[in-house]
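So that you can see what the record holds, here are the features copied from Swiss-Prot:
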BINDING   TRP158, TRP159, GLN171, ASP242, ARG248, GLU270, TYR276  mannooligosaccharide derivative binding site
COMPBIAS  73-88  compositional bias 'Basic and acidic residues'
COMPBIAS  492-504  compositional bias 'Acidic residues'
DISULFID  CYS151-CYS164  disulfide bond
DISULFID  CYS241-CYS274  disulfide bond
DISULFID  CYS256-CYS286  disulfide bond
DOMAIN    149-288  domain 'MRH'
CARBOHYD  ASN118  N-linked glycosylation site
REGION    71-91  region 'Disordered'
REGION    329-349  region 'Disordered'
REGION    485-512  region 'Disordered'
MOTIF     509-512  motif 'Prevents secretion from ER'
SIGNAL    1-17  signal peptide
Amino acid sequence: MRRFNLILLASLQLVGARSPGGFNIHEDLLTYPQFEVVFDNQYISEKDAHSLLDSQHPTYSADFAQSTLGQAREADARDNEAENKDQDGPSYKYELMKMPPNEYLCSIPILQSPEAENKTANELAKAEEARELTRATASGWELLSELQDSCLYFMSGWWSYSFCNNREIVQFHALPSIPNGQPPKRDPHTMEFTLGRVPAVPASAAHQAKMNGQEAPPPAELQVKGDQRYLVQRLEGGTICDLTGRERTIEVQYHCVPGMKADRIGWIKEVTICAYLMVVNTPRLCNDVAFLPPEETRANPITCKLILDKLNEPPSLDQTVPLAQDEAQVPLKQEDTGAKSGDAAPRDVGKEPINIGGVLVGARNVLSGADEAGKPPAKLPPPRSYFSNSNTDTERFLKVVASGKSKEDGGEMEVLGNEELEKLDLKPSVVKDMTERMRKLAGKYGWKLELVELPGGEKELRGYIDADEEELAKNKAKLKKEKEAAAKAKGDDEEEVVEGSEEQFFDKKDEL
């Protein structure tokens, strides 16, 4: 009688075999070679199964009580060598697995034993690998040369980062309002810190280039971590750190990410005080096979087929079907109970809506988007910084709010309507007051009232008069005398008109 143990059968193929790839902390070194048991959808008759079991080369009995592991390993190795000499394709051996009430025929792939290590071949391989690393470093840095004419940006909480010309990284606080599709702009009222701007050439590469009489090596080196290869550039010369008294430094890692459409900063962290690490994901390095991520290792499949008699019907391997049928019978019983108790329309327990805050989730009731039912949703006005553009360091002209022609041109006056003023976040009453003051101050000359956006998103109304300074001064003096006379007549104190230049500023920012 045969007995089958999947774990022992998998381990007997190559006892002590090592992982073919590099070291990975998440992998178990004792799991190689890897096997995976797969249950095939096809079936095999009992006659064919016993024929395969009897016709294969005798190796050892599945009853481990009658043989030792050492004898089984020696017999298996001898048979494998004899079979592999005449066969180019994979070879299998068959074992019977019993899982009452069924039996399965499992085909186990026979793996070749690893060859003995050759010291000379290993030394040649190491030398070839060193040359390949040097070539890959130069090739990878050449692929990244296009980054020297561009900038990458990354935002993380309070701080934002810019990586420009592939050699300078700046940390700054961005303005709170950034238009869609525009890079972050530094707030001029906050400080910025340079994390690195001077590439540091690896000492090993510089020494090797000097010994060989070659040109200066690229300011990057290739590093290997497990099966993954990536370029590393170290930047120095950053802003002096107030905690350590030394310059800030940063290490930039370039990783190949197949399928990406553009370069992107993955993340930035401060690993130690004023020492940073940044990862750049780029598809450029994928053009060199040396930087491609390793292929996922697949386990060797142990395929098991169900053994059947011709007269028996194949049972279903899907164990979820009876469970689903049992679950489907539960609401039916509840419906029957509800019908007996007189409930005309019992509700399915599995679809019972949940009441959250007075709202039935899943009830498919149309809810109002406003604060009160039956009213349209409220439209909030855009913030003041909504109209800001990418050039936030300078003033920006928005629109002419009101204008008046001189008396020679007819003296016509044009003012935006109340709807347009509200769209610009302006109060019509404030604009009306400003327009009246500008009309009186300009007199017979033409004038205009403009809306200007200041750095930071604030807006300001500015008035301009088409007159010389002498004429404007006379008009101001005349207007001043008229106001003084009116104040004396009424006995009230009124605000005097402040003398200024041709450009008039009105302190109405808070009322806009």
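Glycine is no exception: its Cβ is also placed from the backbone N, Cα and C atoms.
On the structure: features taken from Swiss-Prot.
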| residue | record | contacts (Cβ under 8 Å, 6+ apart) |
| --- | --- | --- |
| CYS151 | disulfide bond | SER162, PHE163, CYS164, ASN165, PRO183 |
| TRP158 | mannooligosaccharide derivative binding site | HIS173 |
| GLN171 | mannooligosaccharide derivative binding site | TRP159, SER160, TYR161, GLU192, PHE193, THR194, LEU195 |
| ASP242 | mannooligosaccharide derivative binding site | none |
| ARG248 | mannooligosaccharide derivative binding site | PHE193, THR194, LEU195, GLY196, GLY238, THR239, ILE240, CYS241, CYS274, ALA275, TYR276 |
| GLU270 | mannooligosaccharide derivative binding site | TYR276 |
| CYS286 | disulfide bond | CYS256, VAL257, PRO258, LEU292 |
Across the record's mannooligosaccharide derivative-binding residues TRP158, TRP159, GLN171, ASP242, ARG248, GLU270, TYR276, the largest CA-CA distance in angstrom?
19
Reported mean pLDDT - the domain 'MRH' (149-288):
84
Which number gives the other C-beta atoms within 10 angstroms of the C-beta of TYR276 (mannooligosaccharide derivative binding site), all protein chains shown included?
21
For CYS256, CYS274, listed as disulfide-bonded residues, tell me which one has the smallest number of other Cβ atoms within 10 Å.
CYS274
Number of helical, extended and coil residues in the domain 'MRH' (149-288), per DSSP:
15 helix, 67 strand, 58 coil
CB contacts for CYS241 (disulfide bond) [other CB atoms within 10 A, all chains]:
15
